[in-house]
Amino acid sequence: MFLFFYDHLQFQLLAPGAASKTVPSVTDKHAQMSEPSAAATDSEPGPQLAPPPRPAFIYCCSSALRPRCRIPAAGNSTSQVLLKSQNSASSADMERTFIAVKPDGVQRGLCGEIIKRFEHRGFKLVAAKFVQASEDHMKKHYLDLKDMPFYAGLCKYMSSGPVFAMVWEGQNIVKLARMMLGETNPADSKPGSIRGDLCINIGRNIIHGSDTLANAKTEVDLWFKAEEFVNWTPCSQTFLYE
């Protein structure tokens, strides 16, 4: 779309079947007004000149510049391309892992920061709940650590306050999530990891994440029922996976 501005110009107005008529320019009209005519010197008033036209704006639309809708060729529609991409991202290589913000992480208000990191990485949240688990529940969760001297204290601490339990989904997520968490001991965690950035002490390392695919399935089944999952497709998924 073009925008034209005119002033002090002269145009010809053409009507169907009529001779062309020249419209005086603004300059000509100003000249006529500045020179008194013979009629103006008499007692009888002469014809009054119309005031000069104000500057105007003319909008000119070119059909060549208008956006046109293009109908995709058969077999290559946008919806089919998106569906194909979404289906490829929902294949068997997608994994789920269990992530829990521990009582110390909840008390420090770190749930939002942890969720943000997983979302920014591109993972999808499919289940979550804020719950205070019983000590018996935590003993089942940490069953593989039952022979460790810190087992009883760990289960007691984990049941002492609310935790934020989550299930995240994505390609290779079990391995990548563990890398995001950092080492069990925050002192050994690299800067940029959750523990490397947000905590100091091994007994208050703010977050739990499944360490293997088998343990992830066991922990997910322990904490969540089938009806607690949400099956959805984020709009960003086509930009995350080929």
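First residue shown is number 1, and so on along the chain.
Backbone N, Cα and C define each Cβ position, glycine as well.
Quick caveat, the model's predicted, so the values are computed rather than measured.
Sequence annotations record features per position, and here TrEMBL assigns active site, pros-phosphohistidine intermediate to HIS208. In sequence order, PHE98, ILE99, ALA100, LYS102 constitute the residues six or more apart from HIS208 (active site, pros-phosphohistidine intermediate) in its chain with CB-CB distances below 8 Å.
Annotation source TrEMBL lists ATP binding site at LYS102, PHE150, ARG178, THR184, ARG195, ASN205. Cβ neighbour count for PHE150 (ATP binding site): 12 (other Cβ atoms within 10 Å of its Cβ, all protein chains included).
If you look up TrEMBL, you'll see 94-231 marked as domain 'Nucleoside diphosphate kinase-like'.
The region 'Disordered' annotation in TrEMBL covers 25-50.
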DSSP-derived class (H/G/I helix, E/B strand, else coil) of HIS208 (active site, pros-phosphohistidine intermediate): strand
Overall pLDDT for the domain 'Nucleoside diphosphate kinase-like' (94-231), taken as the rounded mean: 98
ARG195 (ATP binding site) - helix vs strand vs coil (DSSP): helix
Neighbourhood of ARG195 (ATP binding site), C-beta criterion under 8 angstroms, separation at least six: LEU181, GLY182, GLU183, THR184, PRO186, SER189, ASN205, ILE206, ILE207
Other C-beta atoms that fall within 10 angstroms of the C-beta of ASN205 (ATP binding site): 22
Winner by Cβ contact number (other Cβ atoms within 10 Å) across the binding-site residues LYS102, ARG178: LYS102
